[in-house]
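Here the structure is laid out as structure tokens; the discussion comes afterwards.
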Amino acid sequence: MSRDILAWRKREAFKPPPLLKYRSSCWFIISVVCLAVFTDIFLYGIIVPVLPFSLTTRVGIAPDDVQHWTSVLLAVYGAALLASSPICGHFADRTTSRRLPLLIGLLALFASTLLLCLGTSLPLLTVGRILQGVSAAIVWTVGLALLADTVGHEKIGQAMGYVAISMSVSVLMGPLLGGVVYARAGYYAVFAMAFGLIALDTLLRILLVEKKIARQWDLPRSETASPLPSTSDEKSPEPATPSPPEDAALSPSPNAESLPSGPEEKPSKSRQPFALLLTSRRLLSALYATLAYGIILTSWDAVLPLRTATLFNWTSLGAGLIFLPLIIPTFLAPLVGAWSDRKGPRVPVTLGFLIAVPMLVLMRFVDHSGIKQVVLLCALLVLLGVALAMGMTPLLAEITYVVNYKELTHPGAFGGKGAYATAYGLLNTAYAGGMLIGPIWGGFVSLGAGWGRCVGVLLSWAFLGL
């Protein structure tokens, strides 16, 4: 009996795993990745309102030092994410399965949550934040690479749009539920909610079967149909899949990386995927744009709550709800992604920066109290949210286009397993850089030079992105 149960795990097994057509379908894989992203950001967010309490009553930090150590622990997370993203991407492209690294990431997330829950010293909390950053690096590099493996570059923008929605919802719900549950039910109830979400995420990641694994049972195409509109099931991105037209590039010139007219270049065995990818001006442009968007987005975490409290005398609830206008437009992300799939990412990304520039200029006029000022701020945040949605989703898809293009022009350079995770590791590194720079830069500039100078700094990042 036990032999029959475990037989499906063997590559030569005759019988497929139970419910294989559902567990390997596009809709299920997209759902698993979206939940993984949601879990990662949600667990980061619910701890934010609890951390000051943990530092004072459990660790014994003096109230005057709470702000300092809160900033340090936030920076530790960003540093761990920054350092581990390229490493996770490099090794993920050398494993036989995407699911295995995702499960390892869950172990890191469980360990980090346990340390943050039970830790009563700064070293334990620091290790917990480091493990949380490593888990985030695995989710973002391996999860996005798994999406690219599943849907191919033809619909990758639309798939990334669903990821963007998961990210936005978790950004909103994490701190909100963390604060409410802590106020109503106490410290451990917050972590009970976290462990429950980890359990659900674990179940779905275990159930997931990658398409390349499912193919060994030769399932009919109709049994793994994609939920994306007008997408046939097996848009599988083989290493030599042609990339989109070069006018979809983000580089200044559409012919910046034209196809070679001479003999095919033979790949060098000593050339590493990192080195080859970083020769792409498309990728470098995407990394800079991601850094800029990351700075613009995360700087509001440090600036907006203090600004609304100063101008409007809002409580923490109002300071939290003011992020709604910034987040709601990201529900347009699947539409923007579908547009990027058809026309390339250059136009939506450029439009995103073009919209962001005047919105940031007008932010300088939010300088006194009153209902009209509240309406003006909300309207500007909505339009800024549209700009961010138009930029980030196509940038996530652009990474797949770059990898496909490099595989076309340098056959075999990435080996048989490709370089999606490596490339997304680089992208995640750029965004982590934005997470480090944005809150610190925005907070210090706003504190030292005022609201107008802070908005001016953000404006310079958006303008340079053009």
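The backbone N, Cα and C atoms fix where each Cβ goes, glycine too.
Per TrEMBL, the features are:
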type     : residues : note
TRANSMEM : 25-48    : transmembrane segment
DOMAIN   : 29-466   : domain 'Major facilitator superfamily (MFS) profile'
TRANSMEM : 68-88    : transmembrane segment
TRANSMEM : 100-124  : transmembrane segment
TRANSMEM : 130-148  : transmembrane segment
TRANSMEM : 160-182  : transmembrane segment
TRANSMEM : 188-208  : transmembrane segment
REGION   : 223-271  : region 'Disordered'
TRANSMEM : 283-300  : transmembrane segment
TRANSMEM : 312-335  : transmembrane segment
TRANSMEM : 347-365  : transmembrane segment
TRANSMEM : 371-397  : transmembrane segment
TRANSMEM : 418-438  : transmembrane segment
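Counting Cβ pairs under 8 Å that are 6 or more residues apart, the transmembrane segment (283-300) and the transmembrane segment (25-48) reach fewer than 3 and are not in contact.
By the Cβ criterion (under 8 Å, sequence separation of 6 or more), the transmembrane segment (371-397) is in contact with the transmembrane segment (160-182), since 3+ such pairs are found. For the transmembrane segment (68-88), the partner stretch with the highest count of Cβ pairs under 8 angstroms, out of 25-48, 100-124, 418-438, is 418-438. Across the candidate stretches 25-48, 100-124, 160-182, 188-208, 418-438, the maximum count of CB pairs under 8 A to the transmembrane segment (130-148) is reached by 100-124. Here the transmembrane segment (418-438) has long-range neighbours at 75, 78-79, 81-82, 85-90, 92-93, 98, 137, 140-142, 144-145, 148-149, 237, 239, 273-274, 276-278, 283, 286-288, 290-299, 301-302, 395-396, 399-400, 402-403, 406-407, meaning same-chain residues at least 6 beyond its ends whose C-beta is under 8 angstroms from one of its own.
The transmembrane segment (25-48) and the transmembrane segment (347-365) are not in contact, since fewer than 3 Cβ pairs between them lie under 8 Å (pairs 6 or more apart in sequence).
Long-range neighbours of the transmembrane segment (160-182) within the same chain, counting only residues 6 or more positions beyond its ends whose Cβ lies under 8 Å from a Cβ of the stretch, are 30, 33-35, 37-50, 53, 143-144, 147, 189-190, 193, 316, 320, 323-324, 327-328, 330-331, 333-338, 389, 392-393, 396-397. If one looks beyond the transmembrane segment (188-208) by at least 6 residues along the same chain, the residues whose Cβ comes under 8 Å of a Cβ in the stretch are 23-24, 28-29, 31-32, 35-36, 39, 42-43, 46-47, 50, 99, 102-103, 106, 109-110, 113, 116-117, 177-178, 181-182. For the domain 'Major facilitator superfamily (MFS) profile' (29-466), the mean pLDDT of the prediction comes to 80.
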